[in-house]
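Below is one structure, written out as structure tokens; the observations come after it.
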Ligand SMILES: C[S@@+](CC[C@H](N)C(=O)[O-])C[C@H]1O[C@@H](n2cnc3c(N)ncnc32)[C@H](O)[C@@H]1O
């Protein structure tokens with residue numbers, strides 16, 4: 001099958017990327033793991049025994065990394081539209097997180113307790129047309145925030161990928177209305193030319 005110039009460029013960058021090589025050497029399923037690792041090293045959001053919800057978890061790099069830090073007494077409920085090859089200590093819900101049934105299953109797996117942390121690395125399928133992609137991406141973040149308000153315990157934290165552009169400042173203001181502190185992180189593994197940043201919100205106020 002013929003590949004477009006942009007997909008050829010993506011593949012070229014992907015395979016020469018130092019984080020791709022590192023993830024393959026270290027047995028991680030994605031290069032995205034180094035974004036979470038850098039945030040963890042700075043902000044210490046993961047700790048033993050905690051309950052974590054990982055939205056948009058496939059192929060599973062973030063969940064893999066999180067299980068190492070939360071240990072056997074912790075719990076990870078991961079969810080994605082795409083299937084996830086099983087990971088030890090990770091409970092998985094297949095489906096669109098916007099479906100009521102997915103939310104119900106996540107809540108069931110949390111065993112009647114709220115989560116300490118929700119992480120979301122979700123991104124919509126990009127069309128390449130900014131006027132279409134940006135509102136879609138921000139809307140996904142808003143829906144993730146709605147879900148967070150239903151599953152997170154008071155004092156809990158939320159880490160979410162956001163694309164800077166139209167609507168992103170309004171989303172950050174919305175996050176601020178429910179959390180004591182909100183920080184923006186741009187890890188080294190996040191490609192400089194990408195407008196993606198991570199919003200880290202801590203101290204959830206119910
Ligand atoms: C960048 S990947 C996540 C990578 C992951 N953090 C890792 O380390 O392996 C984004 C994921 O978001 C998922 N996603 C996008 N929209 C979603 C939705 N509405 N519900 C559930 N998952 C979604 C995609 O299927 C994709 O697997």
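Indices start at 1 and increase along the chain as displayed.
Glycine too: its Cβ is placed from the backbone N, Cα and C atoms.
TrEMBL labels come from automatic prediction, so no person has curated them.
Feature list (source: TrEMBL):
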DOMAIN    28-204  domain 'Ribosomal RNA methyltransferase FtsJ'
BINDING   60, 62, 80, 96, 121  S-adenosyl-L-methionine binding site
ACT_SITE  161  active site, proton acceptor
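Here the features listed in TrEMBL are placed on the structure.
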residue : record                               : Cβ contacts under 8 Å, 6 or more apart
60      : S-adenosyl-L-methionine binding site : 29, 30, 78, 84, 85, 87, 90
62      : S-adenosyl-L-methionine binding site : 30, 32, 33, 36, 54, 119, 121
80      : S-adenosyl-L-methionine binding site : 55, 56, 57, 58, 92, 94
96      : S-adenosyl-L-methionine binding site : 81, 102
161     : active site, proton acceptor         : 120, 121, 122, 123, 141, 196, 197, 198
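The 6 Å Cβ screen around ligand 1 retains 80, 96 from the recorded positions 80, 96, 161, ordered by sequence position.
Residue 96 (S-adenosyl-L-methionine binding site) falls within neither a helix nor a strand when secondary structure is assigned with DSSP, and so counts as coil. Maximum intra-site Cα distance, S-adenosyl-L-methionine binding residues 60, 62, 80, 96, 121: 18 Å.
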